[in-house]
Amino acid sequence: MEASSMPLLTASRLLSPPPPTLTCLQRTVSLVRAAAQTLEAPEAPKPLRPSPRRSAVAEVKASLDPVAALNRFEDVLQTQDCNIILRHCGDTRRWDDLSKVFEWMQEHEMTNAASYSSYFKYLGLSRDPARALQVYGAIQDHTMRVHVSVCNSVLGCLVKNGKFDSSFKLYDEMIREGLSPDPFTYSTLLSGCMKLKQGYTKAMGLINEMKSRGLQMDSVIYGTLLAICASHNYFEEAEVYFQKMKDEGHSPNLFHYSSLLNAYSENADYGKAEMLMKDLRNSGLTPNKVMLTTLLKVYSKSGIFEKAKELLTELEASGFAQDEMPYCILIDGLVKGGKIQEAKMIFNEMKDKGVKSDGYAFSIMISALHRGGHHQESKQLAKEFEDQNASYDLVMLNASLRTYCSTNDMESVMRMLKKMDELNISPDNITFNTLIRYFCNAKVYHLAYKTIEDMHAKGHQLNEELCSHVMIQLGKAGFPSEAFSVYNMLRYSKRTVRKSLHEKALGILVSAELLKDAYIVVKDNAEMISPSSLERFARSFMVSGNINLINDVMKALNRSGWRISQDIFARAIQRYIRKPDKKHLLLCLLDWMTGQGYSVDSSSRNLLLRNAQLFGPKQLVAEILSKQQTASRSKTIGQRHN
């Protein structure tokens, strides 16, 4: 068996190729590896040339004159490219270029829903809601006008800029035109309800409408609804919606907890606030700076100052008290609680820790010291802020202005007013009333009048008591016309003034013999003026008032229910007799007296008969007087029978 196998083995060896040498093996392996690497390695990418559209977009973005650049690439760009350019202008806050690009797109019919939506969004950011309304109103394409993203964007622009009434009015128009709102539409409108006076009622109407359209509440809408409840002090309703949201499977986040906590802060309900914070932590969430600051507000409003101080310490340790707001909340609570000295301690601690104040904490302390009668200390604090800060807001300016006025520091008052002009800060009611009181105390009533005039021109509501005081002092100081002007500003403002104001104004005008103006007061308000004041006015007018208005004055006095005395008629008759050219007016007066049941006294009768020839046929006056006597007798007999 072994012998027979030998030839086979030998044959196989003979048939097999000789084994390669080591050098050949290495060469083969190198070749195989090189081939493998060639197969596995991708081909080096060739540099891509940017497309003409992409290059055009980049060039327009970088251009200082985007319209000129758009004109160059009009045949290259498409609508979506223009939208990219439009959004770039908005993102870089190039507001002028934004509108120019959009107008170019409109002219070249290269707009779509995304174009309008983006444009309205950026108009909202640039505070130009009027332009948004104008552009939306000019849209002719009905489909575009009711496109939900376009409508949402323009409504959002209005709401963002505080045009809440306009947003709801426009929404109603959109619905009539066929808009099918989505949840974002309702979320946008609901956010506007937070600032409306009847916002909660309006919000409930929107929620009911949304449900009737088959749309479901989501966590965002629930969050907005909770914020509305908080802003309108509906904390019980907020609790209901918070629980309903959880029952529907929506997990509340920090915004939802914060909104409900805000509702509790309005009512200073620290018990429920603490329970809510416990629930928040049990849910695995960690309260943020906003929530802890709101809890501090709850404690401060509730008068739980020890807990408030402990929480402030916690905020400091967490790095959440690097600005003045937490300190301001506690300082304000202490001041309102009558603990001014404790408030000063917190305020001084804040300054010692180097916390930067934008003026809010200073304004609280300056006002508190001013109200407490610590005028010099208040003034010193105002000076300290002024020395350390160049920027002011209206609150801080008003606080400083009040304390400077209270210490009669005219130089500082003028400096504050100059600063207000330099910073382009518009005065409010507090500013104007502070200045009016200051000028009154300084007895410079003409300046007080000019301030009232400016206040009225700017549309602010006048303080009746303060303006009435100025009106009287102007009258005493010899400025009756200015006093009458103040009266008219009060009278024609959108309010009901006290009855006594008319009598005060009448007294000033009669004393100054401005009887025509006095007649205007009487004509419109005689029923609110005392008989004695009407008597003084009537006597003065018959003697020196415009003779052509005597009969009108008589009729106005009679309409008020005041019975005109015979002495007033006697004065009028004497005046007419001295002016025979006014005979027509005298005869009209005598006829009117007869119709109203008046008659002249014997002295006036004799005077008229002696001068009857001055007024036409002598018997004419006698006949009129006879009719008066007959009517007077009939009236007397009727009264006796009654």
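We number each residue from 1, going along the chain as drawn.
A Cβ is built for glycine as well, from the same backbone N, Cα and C atoms used for every other residue.
Nobody curates TrEMBL annotations by hand; they come from automatic prediction.
In TrEMBL this protein carries:
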| type | residues | note |
| --- | --- | --- |
| DOMAIN | 165-315 | domain 'PROP1-like PPR' |
| REPEAT | 147-181 | repeat 'PPR' |
| REPEAT | 182-217 | repeat 'PPR' |
| REPEAT | 218-252 | repeat 'PPR' |
| REPEAT | 253-287 | repeat 'PPR' |
| REPEAT | 288-322 | repeat 'PPR' |
| REPEAT | 323-357 | repeat 'PPR' |
| REPEAT | 393-427 | repeat 'PPR' |
| REPEAT | 428-462 | repeat 'PPR' |
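DSSP labels the residues of the repeat 'PPR' (218-252) in these numbers: 26 helix, 0 strand, 9 coil.
Here the repeat 'PPR' (428-462) has long-range neighbours at 394, 397-398, 401-402, 405, 408, 410, 413, 420, 469-470, 473-474, 477, 479, 482, 485-486, 489-490, 493-495, meaning same-chain residues at least 6 beyond its ends whose C-beta is under 8 angstroms from one of its own. Mean pLDDT for the repeat 'PPR' (253-287) in this predicted model: 90. Per DSSP, the repeat 'PPR' (323-357) is made up of 25 helix, 0 strand, 10 coil.
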